[in-house]
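Taken straight from Swiss-Prot:
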COMPBIAS  158-168  compositional bias 'Acidic residues'
COMPBIAS  169-184  compositional bias 'Low complexity'
DOMAIN    220-287  domain 'BTB'
REGION    152-184  region 'Disordered'
REPEAT    468-514  repeat 'Kelch 1'
REPEAT    515-561  repeat 'Kelch 2'
REPEAT    563-608  repeat 'Kelch 3'
REPEAT    609-655  repeat 'Kelch 4'
REPEAT    657-708  repeat 'Kelch 5'
REPEAT    709-754  repeat 'Kelch 6'
Amino acid sequence: MNVIYFPLHIFVVYSRAYTSLVLVGCTNLCAVLFARCLDDHLVSLRMSGSRKEFDVKQILKIRWRWFGHQASSPNSTVDSQQGEFWNRGQTGANGGRKFLDPCSLQLPLASIGYRRSSQLDFQNSPSWPMASTSEVPAFEFTAEDCGGAHWLDRPEVDDGTSEEENESDSSSCRTSNSSQTLSSCHTMEPCTSDEFFQALNHAEQTFKKMENYLRHKQLCDVILVAGDRRIPAHRLVLSSVSDYFAAMFTNDVREARQEEIKMEGVEPNSLWSLIQYAYTGRLELKEDNIECLLSTACLLQLSQVVEACCKFLMKQLHPSNCLGIRSFADAQGCTDLHKVAHNYTMEHFMEVIRNQEFVLLPASEIAKLLASDDMNIPNEETILNALLTWVRHDLEQRRKDLSKLLAYIRLPLLAPQFLADMENNVLFRDDIECQKLIMEAMKYHLLPERRPMLQSPRTKPRKSTVGTLFAVGGMDSTKGATSIEKYDLRTNMWTPVANMNGRRLQFGVAVLDDKLYVVGGRDGLKTLNTVECYNPKTKTWSVMPPMSTHRHGLGVAVLEGPMYAVGGHDGWSYLNTVERWDPQARQWNFVATMSTPRSTVGVAVLSGKLYAVGGRDGSSCLKSVECFDPHTNKWTLCAQMSKRRGGVGVTTWNGLLYAIGGHDAPASNLTSRLSDCVERYDPKTDMWTAVASMSISRDAVGVCLLGDKLYAVGGYDGQAYLNTVEAYDPQTNEWTQVAPLCLGRAGACVVTVKL
């Protein structure tokens, strides 16, 4: 029997052979002794083999023997012990229960022995924490141990075993199954913390079981019929994977109640593969089944499968199949795949037009290709020849589509000689609409002064035909950039391509024979007269003969073959001299001087003349403009700009000269007044006109024409070197932001090269 003390003074007496007896409200030591006596009586009954019930009379007799006579005096040890047990039920000053300190007991409790109880004894008892399900230790105090009570493992009292031996064992203060010590303040309350169990691979194991059911056709509740194949499946699994089946089985539609569902237009093997995927999450992608899988996955709305199939097809793109993949993606509504296939077609158009897929395209697809601005082609003649190849492949059927498709060709951008040959071509000679288009292109060439009024989508060059924009050097946060970046109009990206051999500031760059000539400048210590040449095709540098004069802040441009170096500063004074590089003789020669010394000058070529715009002459910035005629070797003053501009960017478009950005401040003023305004010069009227301003002020801005737009690259806004770039459309008079530079820079030289 075990006697266990609860905080509310309740002793629970457990017996192996008989039902449990609960004594409620016992508050003195006699209750413990009574329980011991009762236990001894139960043992004697068990040893004698008696199985009679323990009746109420026996309980009352034992109670009378122990509780009916209070023989002890108030000063006796028992009374002291009773008082100690009574204090367990009293309330302390802090409102809590007082608990007995085992060290204060006067009566050695080691003489009171308890036996273990088996698990059977607890079947009808309240639930409470136990050290073991097989053994419940005794709770016992010893006179030697004042550190608290211990859980003791007591052997059962067997036949022939004396009580003294049991008591001796109980005083050993050892545990056989546990060495844990229970402190005197242990409340023995049940644990109330929550526990959560997470099964590993639960979903995987569940779907494996479902796959097993599918394999053995067990518990299937729907049959999918594709062609002559019947595929059993489980609605729950299909609905959990496919939005198509989820909508079918969870809504009030006819298929929700049918046991067999016909899948019209679905390839049976692809359907079976996707049903297996629903159970396993695995799918084999092969070239011979990828299109069927993708079309079926699109129908069943299996987004992950669609994405995987699209990525697979992206890896298979080739000039021989990109058009087919592009059309297939468009039919299936796979926008990402269509975009990638289209871009691949545009990038490799020269190879695509030599493959069979191109000549087999319908006229509608040919029209979509011809309308694109993104074709990677060297010139417009390439596209016209591709169109003629397509027409001749089935001349009788396709001749009627020729005039409609010819309208997508940018005929005004073809050479006049090419247009003359077209006019006499048998394919166009008898087609009135084709003749109209050819005449329109001829007028564009014959009447250059009317070109602003003849602008149309056919006069807009394709992106790949306009060349590549290069930004060379400039001032950056490290006090001098040597890197060169190029801008691709088709991808709208800047990419580093090369580095100069050394640092140059306030230098000039011009393009001659598709090569970049870097002229003059300063290296931070001295002004330079050196020239070096960069070949973008071979990505190599070569040293050229130097100028006669050291110059920084100069302007450089190519006019009718030779290259001109205009003005600048030689380290001592502002220059009005001009040198000309003869590429045939490979030498520099002086030409007529300008009327005004100019440094940080803007230089551009327009209508066979060289223009020097603004700059500074030492004391202040200039708003004067003069032009050089190479045939007369003279400089002539032109109309002045509305603003003084040093560090101005200039370029030309459609017979007009544009001056962009710059600063206006005297040399002694450290705070420059930066400009965002733009104005253009018409040489026919000798007048400047203001146009839309840039989004921000830009000093030392690089400006260049690319296609039909003017690009303002980098510059300085008074606080930072800019990496932003914006493009001006003269036809709409609007500026738009484009991709930024990789490196912020001011004073970069920006030129266009046709690669």
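Cβ atoms here come from the backbone N, Cα and C positions, even for glycine.
What you are looking at is a predicted structure, and each value in this text was computed from that prediction instead of being measured.
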Paired segments the repeat 'Kelch 5' (657-708) and the repeat 'Kelch 1' (468-514) in contact, 3+ CB pairs under 8 A: yes
Determine how many residues of the domain 'BTB' (220-287) DSSP places in helix, in strand and in coil. 32 helix, 13 strand, 23 coil
Counts by DSSP class (helix H/G/I, strand E/B, coil) across the repeat 'Kelch 2' (515-561): 0 helix, 22 strand, 25 coil
Restricting to the repeat 'Kelch 1' (468-514), what is the model's mean pLDDT? 94
